[in-house]
Every structure is written in structure tokens, then in C-alpha cells.
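Database features (TrEMBL):
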COMPBIAS  14-29  compositional bias 'Basic and acidic residues'
DOMAIN    42-446  domain 'Amino acid transporter transmembrane'
REGION    1-29  region 'Disordered'
TRANSMEM  49-68  transmembrane segment
TRANSMEM  74-98  transmembrane segment
TRANSMEM  135-158  transmembrane segment
TRANSMEM  164-183  transmembrane segment
TRANSMEM  195-215  transmembrane segment
TRANSMEM  235-254  transmembrane segment
TRANSMEM  275-295  transmembrane segment
TRANSMEM  315-339  transmembrane segment
TRANSMEM  367-387  transmembrane segment
TRANSMEM  393-411  transmembrane segment
TRANSMEM  423-446  transmembrane segment
Amino acid sequence: METMRPSSIAVDEGEQKSKVPQEAHHHEKDQDAGALFVLKSKGSWVHCGYHLTTSIVAPALLSLPYAFTFLGWGPGILCLVIGALVSFYSYNLLSLVLEHHAHLGHRHLRFRDMANDILGPKWGRYYVGPIQFMVCYGAVVACTLLGGQCMKAIYLLSDPNGSLKLYEFVIIFGCLMLVLAQIPSFHSLRHVNLISLVLCLAYSSCATAGSIYIGTSSKGPEKDYSLKGDTENRVFGLFNAIAIIATTFGNGIIPEIQATIAAPVKGKMFKGLSVCYAVVTVTFFSVAISGYWAFGNQAEGLILSNFLNDGKPLVPQGFIFVTNIFTILQLSAVGVVYLQPTNEVLERTFADPNSKEFSLRNVIPRLISRSLSVIIAIVIAAMLPFFGDINSVIGAFGFMPLDFVLPVIFFNLTFKPSKRSPIFWLNVTIAVVFSTLAVIAAIAAVRQIGLDAKTYRLFANV
């Protein structure tokens, strides 16, 4: 049998001639420990839908009304529609490329494996691999920080004069992450991610209902939908808003999610994406439209912050408790999903593929390495409560290329559509537009860091 990279599943000539789909021949001996233990291919398209929904429909959607404050009604809704259509299209193209290579006997289980095969080894090693790691680990840190902030919000509601600091809540939330991080494989998260799907529907419904309640009562602010700031701030605000919307649709781990599907994979990812985008449509649009309608240009970075006015709740206090609890629980699931690429690298480095998954030889390194990776994320989140600004830069350089630019490039290089065909030029247009947006969004994010730098303090209690 021809020797293949450990990143792919090899198929010999006899298997290629058989009637059984080539992708179904899963030779575990040819896989490294990361692929063997973390990226098990045992799931169905339904499980894939759970994973996709958790990775995309996250509490970041609660910032969509804030993005609308820089865009207004028309452009805001238009950007949301374009974001949904282009991201669904890009993810579907990426899945088609993965299916094509699987059918040829090279099933890619990781984003960097695709880049190695399609663009060349240097692209996978020095570009796609590092930016995917930064984006995913940055998401873990951001989830840990936001989880701590939601816990602190609950605490201050029950005890406005409480003395506990933000970093203490970050550590408490991190303890939950430490436990969930020990779940052995991506496929093992399917039940967690089903609960996560229900939770995202729950807190999105709460956010929508709360916004409508406040918007129809006399408690809410006077509705003003005008754009704030001078010309310079409006221009940078525009690109900042586009970056927020694009990264809210961001995923960054489509190949790793598709890797969890049992062979044959053909058509299953599209079904999973359809499940995910049904949830996306319900949650993103309801939260964005109701939040902006209720609070106008006073919508906060997280719409739940608008449910308080000078520390006094505008909705029943129990309602805020429940909404934050839903958010906290789903954040833990989102954080663990984005920890999977890190887990895969750790498993590949420290585990022995020739030993059993739950042998002491593999369990002890797994427990130590995963715990250390979560502890580092906890320390960063506690130490840098302004990490959101840093994550904006990472998102601009990471989510946009991974989710909008590379999929269309991979498709054009793999299937080589005619230069006269509409799909070729549509893909080129998407690549150029989103590459440009990524650069501008990164500049806007760096500018924001410069503006906010004077307020930065390590372990600040914000």
C-alpha cells in the first residue's frame, strides 16, 4: 500500500476498485493519535448539525444589535442577510471539497491537512495551522472571560455591594471548563452540543422577549436610530460592525466537524448545515432586530447589559438570572468545541496511537496537557479582561480568511471551474471582498486597541 500522510486515510488499489465507497475504508493504523482519539469518524449528520450550531450560534450573537448601531436598519439587515448567505455558501463549498478528496481516498480531517494538499505544505504549516489555532484558542479565552462576566452580573444583581472580583468568577467558570475539557473526543460532545442547541434557542428567546418587553414599556430609552459620531468614527464603526457580523457567523473548524461524520460522508454535511442555519435564522435575526428596535443607537456591546439601567433591572430580576444562566452554560459548550483543535494537537504530540485510548499511557498525558491548556486560558482571561479588543484583531486575521476566503479558493483549485462560469467569478469576488474587509477590519481593531489602551489594567475588575 502506498504510504500516505498521517493526515489522510489511505486506500489501496484493491479498495479503489471495490464497490464500497473508498472513504469507508478507515485504517486506524495509518492515523496519528490526534486523528484516532479526538477526531473519531462515528457521527451522523444530526450530530454534525449539533456541532455546527454550537460553534456558530454562540453568545457572540448578543452583540448584533450593537453592530446595527453603526449601520442603521437597511444596511444592518442587508449585512446580516449577506453574512448568512455567503457563510452558508462558503461552508458548503468547503464540505464539497472535503467530500471530493474523501472519494479519491484522501479524507482530510483537519483544516491544515486541506491546505497542505491543495496549497502546499508551507501554507498548512505556517499560515492555516497557526491562524486556526489562534482563532480557536482565542475563542476559548473569550468564552472563559464572558462566562466570568455573566457570573459576575448575576452576583451583583443579588448583592450589589459584593466584594468578589471578575477574575474570581473567571476562575470559577474555568473550573467548569476544566471538567468538560476531559471529554475524550469531538464525537463524545454530541449530547453536550444537543443541550447547547436548546440553550442557544433559550437565551436568544429570552433576549428577544426582554427587548420587546422593554421596548413596549415606558422603562426603555427613547428610540433613536441615527448614527453617532463624526465621519471618521462612522467609517471605522461601519467596518467594525461588518467585522462583528462576519465573525459572528465564523466557525474556523468545518473540516474538524466534518471529520466526526461516519463514512460515507456525501451529502451529510449539507444536512447538518441546514439544521444549523435554521437555528441561525431564528436566533440571529430575532435578537438583532428586536434589540436594535428596543434600544436604537444605545444598544450595548452585549444586549443583556441593556436590561439594566444604573444597576436596576428593567425586566424581572429572575428573568435576567435565567437568561445569564442559559448563556453561561452554553458558553462552556462553545469553549469546549473550540478547544478541540488544541486537544487534537496535544493528543498527536503526547499520546501513543499504538496504545488503547483509555490506557494509563494515554490518559495521564491527556489529563495533564488538557488541564494545562485550560488553565493557561483561564489565566489569560483573568489577566486581560480587555481581551475582546485583542480577539477582534485575531478574528479579522483568522475567521474571515478561514471561513470566507480559503473555501472559495480551495473550490476553484480543486474543481477548476471555467473562467467563463459564474461560479468562478463569484468565488473570486468573495475572496477579494472578504480579504479586503479582513485587512480593514484588522486596522479598525488595532485603532480601537489604541483608543482603549489607556483603560487597560491587568486583572481589572470590569
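Each Cβ is built from the backbone N, Cα and C atoms, and glycine gets one as well.
All TrEMBL annotations are machine predictions without curation.
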*Contact call for the transmembrane segment (49-68) against the transmembrane segment (195-215), three or more Cβ pairs under 8 Å*: yes
*Excluding the flanking five residues on each side, which residues at least 6 beyond the ends of the transmembrane segment (275-295) place their CB within less than 8 Å of a CB in that stretch?*
45-46, 49-50, 52-53, 56-57, 61-62, 64-65, 67-69, 73, 76-77, 80, 84, 88, 197, 200-201, 204-205, 207-208, 211-212, 214-215, 220-221, 223, 225, 248-249, 303, 306
*Given the cut-off of 8 Å on Cβ pairs that are 6 or more apart in sequence, determine whether the transmembrane segment (315-339) and the transmembrane segment (164-183) share at least 3 such pairs.*
yes
*Might you confirm whether the transmembrane segment (135-158) is in contact with the transmembrane segment (393-411), defined here as three or more C-beta pairs under 8 A between residues 6 or more apart in sequence?*
yes
*Using a Cβ distance cut-off of under 8 Å, indicate which of 135-158, 164-183, 235-254 has the most pairs with the transmembrane segment (367-387).*
164-183
*Looking only at residues six or more beyond either end of the transmembrane segment (235-254), which have a C-beta under 8 A from one in the stretch?*
52, 55-56, 60-61, 63-64, 66-71, 76, 79-80, 83-84, 87, 91, 94-95, 98, 111, 132, 135-136, 139, 227, 229, 280, 284, 337-338, 340-341, 392, 395-396, 398-400, 402-404, 407, 434, 437, 440-441, 443-445, 447-448
